Amino acid sequence: MARRISPVVAFLLCFGLSHFFEAEARLQHSVALHRQKREWIVPPQILEENVDYTKKDFIAKIRSDKEVAHMKYLRYSLRGVGADQEPFNLFVVNPETGYVRITGILDRESISQYNLSGIALFTDGSIAENDIGLRIKVKDQNDNAPVFGVMNPGAVDELSAVGTEVMRLNCFDADEPGNPNSQIKYEIVDQQPAGQSMFTVENNRRVVVANPNLDRETVDQYVLLVKASDLNGAPGGNAATGTVTIKINDVNDNVPTLGGPYEASIEENTEKVEVMRLKVSDLHLKGTDNWEGDCYIASGNEAGYFSIHMDPKTNEAVLMLDKAVDYEDVKDLNLGIGVANKAPFHPSVSGGSQGATISFGGSGGGAGSGAAGGAGAMGGASGSGGGTGASSWSSSGVPLYNVNIKVKNQPEGPKFFPGTKAIPISEGKAFDSTEIIARYPAIDTDTGKEATNVKYIKSSDPDNWLTIDEKTGAIRMNKAPDRESKYLVNGTYYAKVLSITQDLPSKTATGTIAIQVEDFNDHCPTLISNVQTLCTDKDAVLVTAKDEDAPPNGAPFDFNIVSEGTAGKWTVEYMNDTTAIFRTHEKLWPGPHELMVEVTDQQGLKCPEPQKLQVDVCTCKNQGGCDRTATGDAKKGSRLGPAGIGLLLLALLALLLIPLLLLLCTCGMTGAFTDMPFETKVHLISSNTEGQGEDRDVPLMCPPSNVDGMGFMTKDYMAVGAMHSAGLGLGVGAGVGAAGFLESTSTMGGRGYNEMELDYMNSIGRNNAYSSRDMAGDFDGMALSDGYLCEYYSQKSRVVDGFGKDDPMVYDYEGKGSPVGSVGCCSLLEDQNDLEFLNDLGPKFTTLADICGGKKTEIPAPAPAPLPPPPKPVVDRSEVVSSTTNILNTGNIATNRVNTVNVASNMATASSTRVENVLVTDNRPTMITSVHPAPTLLVQPQPMYYMVEQQPSTVLVAERPAMTQGMYVLNSGPVAEGMVVQGGNIAANTLTRGERMVLVFRGGPAQALNNGMLHTSNLSGSQLLLVDGGATSGQVLQGTIQRGVAGSQGLMFVDGQGGQVIQGSINNGISTHGGSQNVFYVENKGGSSVVQGGLQMGKASTAGSLIGDVGIGGSSVKITQNPSSHKVVVQERKVVTTQSVK
């Protein structure tokens, strides 16, 4: 809130400001000049012109007060127009007294006011005071009369409305403006030619039209005498007169006329000739657009016989015949000729019903003028011998003149009718050259009968099909008709015939013969429209017909009006081949009129009954459209009103509301999964919390194999150290060690999660690995299939039921192994040579044998061999090392006694893999040489459990974690299958992709495997060779493991004796798809090299994984990369120790 200023403070502020300004004023006053008062002795007066003021002593007096104040004498003078300027010395001043007087007579028209300056000087010439202004105004007298200047002639259009400005007068008064002396009043005192006053003059000098009946054709120029009086016409004023000329401009207010009546004649079959000339008469100014005529044919020329054009020099209409007229068709023609001007008509022209129109009478009466024009028309009607004049008016108010044209008949020669003769013939009809197929005589056009004094010849016959009788015109076939003839045009053969008269000069007519091989004239011509509209001021309608048949069975048509059922009198004229002009000769009242019409085609075919044509006569508008309201035929219609528009808008809004409601509905749905804010890694584990499934019998089935470009493949994947993480079980000891692994793969959100189980000596080890690779290409169509569920529940049932007491326990470190020799990894093997368990496999194995072999096979149980003493452990530790290495560049890994190993792995790109399992058991020297392949039985997979009885000595085949069930093959079928061998000699065979071989034996010859046992030079996939035995010595494997394309190959060898294990090499060619090769060697005793040869690998497209080689017993071990993890699996009755490997 603003604070109020106290009165004391306000007073002090005002007092200070007033003293400040007073001091400043005093300071300025001390330096400024003092102003002296001046005095006008006699004020100036108004002087009237033409008055003599020279006799007066003075008219004004000037004096300065300096003269009294300083007691000095001053001298006065004048300056300005009338003093020291032209006119000189009209005003003079006494230099001593300051009296001003005039020396002449003033004239206001010359100078209306004088502005003088009085000067006061001291006697020494110095300025006594500033100049004094002296103004003398001259009063006006009415001493000047109005004066007319030069005036150009004015102009106005005839028939202009009242008040139309024509011109402005050039008249002025020299007296003072705004004074009554200069105010002028005008009036017309005379008009030539005399008559009604056509114009008037306003006080503002405007000449305007006073009468709207200006007619240039009557008077084209007016001369007016105008009087101008000042003092607004009051008495005593001055006056003057002037002459004004006004010209009347021409407008097209008169309709041009044609003389008459007009009649002409034309010759038939004549064209491009001038028929007649029609003189156009016009009252307008010659040579203008209002005068030049523009004639046109308003009616009677629907067929287009005539045309008309204007001759600009003579203003005549020239009627031309453009198309020949046939006397037999048309004998006379009545044309309606309309005439207009180039310039449009004035609005006053209204078809002769007003005074500005012209009546067209005959010779009995002339054309009236003005409003009496209508009488001229009546005079024309009653005059003797007068013509018809204008017989009708057009819809635009223009009269129509009748021109009657007679058609003269000319002697004509014969003529073929129709012009094209169609003769239908069937192609398969029997040919007879003497048979007359048709007659085509010429017609005498004058008599309408067949011509007699003529002969017929062929003019054109391309393929010589026809012969014609030269006297009768009979036509015969000269050869059989051929539908495939090249001379046919659309299935028709054309030939031309001439008819020549025998008199002099001879006349010729040409006719066309059309032989139709297939088409027939089976359609009659019909009217396109059965309803036509005719204006009351017209007398003809156009009627068009059509025919479905092709020429010559169609047009030209012949139209005929049947009198029965037809109202009124009508005639037919032809416009073209398909259209005719129906002209009435009576005045038709508005309303419907019916006509019965017959239409005949070129071959004379017409419909059985006449066709009805309805002509609706109505009053037409200026645009030519039919005004239904004038005939009383107005039809009720409907239109869209505001209410309907509003409903449409509401409907559109409702339609827009539906998508909005749908959007609101989607907002209430459950949202998408939220992304994890961290890398899940091992947090997302396969917990397998689904619980145990229902116990059911699971049949053994053979999964279907798919074939692609890479060979036999299946959807199951099981690769050793190739595609995913792999686990390995290794048995060492004097007895038989069994090893295998099981790998399962699942997908979650585009990533792969792998679980591997290792089965070694009735113990289970798990190695879970999470893979973030995109497996969309490898696992297309795999999502919890029946095979997957079967495998899953089988594992669970085996773990829960068969190995409930042998759950693995994983520890980071459990110390060193036990020094007691009796406690070892092989102390629980018991009798591994006992094959009695094969007799107790149960009905499930029998079912499997029946499916795979096709018949039951009896295998006698051999006598149990004595168990050899368990070998004494050579080392006091065993080691399980798992290492995964990603190799980006191929290189060499050197060890003391192990050759260089190059390992690379590429992701397999195949979408499917075929897997075959081979079980080879060596207990007898006998070889099964003839095993018949059994048919494959495909059964719908069902979830099942694998119930396996705990047998320490049982060797299980490593089974893949497939989406479908595996199959045991116990035969030696063709390639891509394994073999079952019992005996000492092992036959070589080729393993395809996905095949695995397990050899179990205790003795035998020195050579366990022949050369080339594992050879896949051109096949892709994975191969596994597991050799478990106790060969005393000798060469175990000789040969080469070769690889051509992508896949993985593995060799695992367990031996308890010395000797040369592997001689040869593992070769790998150029791998474009990637893969891995793994070789595992375990030796209990040193003595010879573990590996002789090398594992060679060519180029690999991507890096793979390397499993290190482990040598035991004197050999140095070098691991290319530090192990990522160490896990020791400890089971009951087994001691496993670990020790770091350097």
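Keep in mind that glycine also has a Cβ here, set from the backbone N, Cα and C atoms.
Annotation comment: Swiss-Prot describes 64-148 as domain 'Cadherin 1'.
The domain 'Cadherin 3' annotation in Swiss-Prot covers 259-416.
Under the three-state DSSP scheme, Asn115 (N-linked glycosylation site) falls in the strand class. Sequence-distant contacts of Asn115 (N-linked glycosylation site), defined by Cβ-Cβ distance under 8 angstroms and a gap of at least six in the same chain, are Gly80, Val81, Gly133, Leu134, Arg135. Per Swiss-Prot, N-linked glycosylation site is recorded for Asn115 (among others).
For the recorded site, Asn490 (N-linked glycosylation site), the DSSP three-state label reads coil. Taken from Swiss-Prot, the feature N-linked glycosylation site covers Asn490 (among others), and the record attributes it to sequence analysis.
A sphere of 10 angstroms centred on the C-beta of Asn576 (N-linked glycosylation site) encloses 13 other C-beta atoms. Per Swiss-Prot, N-linked glycosylation site is recorded for Asn576 (among others).
According to Swiss-Prot, the feature repeat 'Desmoglein repeat 1' maps to 948-974.
Among the features that Swiss-Prot reports, repeat 'Desmoglein repeat 4' is placed at 1040-1071.
Per Swiss-Prot, signal peptide is recorded for 1-18, and the stated evidence type is a curator's inference.
Annotation comment: Swiss-Prot describes 39-643 as topological domain 'Extracellular', evidence class sequence analysis.
Summarising the annotation, Swiss-Prot assigns topological domain 'Cytoplasmic' to 665-1142.
The transmembrane segment feature in Swiss-Prot is assigned to 644-664. Counting same-chain residues at least six beyond the ends of the transmembrane segment (644-664), none has a Cβ under 8 angstroms from any Cβ of the stretch.
In the predicted model, the repeat 'Desmoglein repeat 1' (948-974) has a mean pLDDT of 45. According to DSSP, the secondary structure content of the domain 'Cadherin 1' (64-148) in residues is 4 helix, 37 strand, 44 coil. Around the Cβ of Asn490 (N-linked glycosylation site), 8 further Cβ atoms fall within 10 Å across all displayed protein chains. For the pair Asn490 (N-linked glycosylation site) and Asn576 (N-linked glycosylation site), the Cα-Cα distance reads 24 Å.
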